[in-house]
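Listed features, source TrEMBL:
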- 1-23: region 'Disordered' (REGION)
- 7-20: compositional bias 'Basic and acidic residues' (COMPBIAS)
- 27-289: domain 'Era-type G' (DOMAIN)
- 35-42: region 'G1' (REGION)
- 61-65: region 'G2' (REGION)
- 82-85: region 'G3' (REGION)
- 151-154: region 'G4' (REGION)
- 190-253: region 'Disordered' (REGION)
- 243-253: compositional bias 'Basic and acidic residues' (COMPBIAS)
Amino acid sequence: HPPPVAADKEEQKRLLENRPDQPQNPKVLRIAIIGAPNAGKSTLSNQLLGRKVFPVSRKVHTTRCKAQGVITHEDTQLIILDTPGLTNPLKAKRHNLDEAMLTDPWDSMKHADLVLVLVDVSDHWTRNSLSKEVLRCLSQFPHIPSVLVLNKVDILKKKFLLLEIATDLTEGIVNGKKLEVKTALKQDSRSSAKPLLHMTRTSPPEGKVPGSPFGQEKNQAQEGSGLDRSSDVGGAGTGEAQGPKHHEPEDLKDVKGWPHFQEIFMLAALRGEEVDTLKRYLLMQAKPGPWEFHSDVLTNQSPQEVCDNIIREKVLEYLPLEVPYGVTQVTEIWEEGECGELLIVQSLLVPRESHKRMLIGRGGKVISRIAREAGQDLMNTFLCDVRLKLKVEVK
């Protein structure tokens, strides 16, 4: 079970300053998760951590700052760098985003040992090519190993499209080997012919990883992905592809994919499907090195930051269009109540009277729902009773 986030600011600060309780042979891996806004980076981070510490919403730019999550498993520590979605200055201006939103993903890349590139396969506008920002990021740091993660595969009705998407996003090459895609039909007594999907590499990868899609020894139809990810690996080698090289921005004009991914994973982060497979892979990629955090630390954020993010997530979820981006949060009370519960009182400041009416909702329904859902999330994060009161004021 993952540890809770400390509800007391001083206690969390002490935990972060604590000297890590190093095991005998510690291993560590710093993971940057990058992708277009709303690809599911925070959802995946929360699932890997086993507790909600990052805000999640269907609106873009829910994650406003880079924060770290910490997974400690036996002698291994994974540090997840949850980053804002890669965006450009024009979009940043439209959503009133800080300058940090443009620089944070790049800073995370500088400190990463491995990069997870997350792609939302349910978005038919963007799923067949990596965004220019992602490609630019990968080409600036070609020495950092990268893994492609296809997310929201449960929403994709036509599973055979996963093959086409994977081929486009990898330019047909994974781990230096040519990715051969072939489809076959499998008879099923309960229905007519179902597509059976094969991804085949012409030469087996070095050091197969148990649980990784291409390291499977036998066919294993995966619920959620709908893929029969068999390793029908032939014997004819294709020769290693050349190592990644640094691309200039103008070189990326007609580039759709990245031919230097080490693996491909297909999962449904929201439902937690196949997340454990990815987690096992990440634990196996860790290298000998000292832990950075005590094993009781789940995130480097303060309790107030976690609280602000979770409330903001609900505000984003229940207010229309651009309205929630103008809300300012001010915590007025953060203290232990009479019965030992955590009492939080927060004011939500909005620029207009019309926004105030929207946020309160008819009969106070919207603000009550936000307070109830955010309070429940905070209880699960802090593992203590939480009484959350929200006030709405025009600033």
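The backbone N, Cα and C atoms fix where each Cβ goes, and this holds for glycine too.
The region 'G4' (151-154) scores a mean pLDDT of 93 in the predicted structure. Counting residues of the compositional bias 'Basic and acidic residues' (7-20) by DSSP class, helix then strand then coil, yields 9 helix, 0 strand, 5 coil.
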